[in-house]
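*Asks:* The following feature annotations were taken from TrEMBL:
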DOMAIN    8-35  domain 'CHHC U11-48K-type'
DOMAIN    42-69  domain 'CHHC U11-48K-type'
REGION    82-104  region 'Disordered'
């Protein structure tokens, strides 16, 4: 089950590391620091920072990444509807113009 926080995920830095899903982001940070040479060879997916793939495979991963659909769905739903707090109170507040002149 992809939503199970106890499922084991293989570390992209050290294949022998099997990390619980709920601890995986923390492990990635530590393992990346401990393995800088391996980290240089991996690229991070723009749709999910937990996806670390060999640099040469990144474009292929991007085309197939399941999280791409979730990102596109968020973008589409966000651009077509006004923010919920603006809908509730009808606010159209804008920041006042800045009178500061950093050059003087």
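Even glycines carry a Cβ here, placed using N, Cα and C.
Relative to the rest of the structure, where do these features sit?
*Replies:* Sequence-distant neighbours of the domain 'CHHC U11-48K-type' (8-35) (same chain, 6+ residues past either end, Cβ-Cβ under 8 Å): 42, 49-50, 52-53.
For the domain 'CHHC U11-48K-type' (42-69), DSSP puts the residue distribution at 13 helix, 6 strand, 9 coil.
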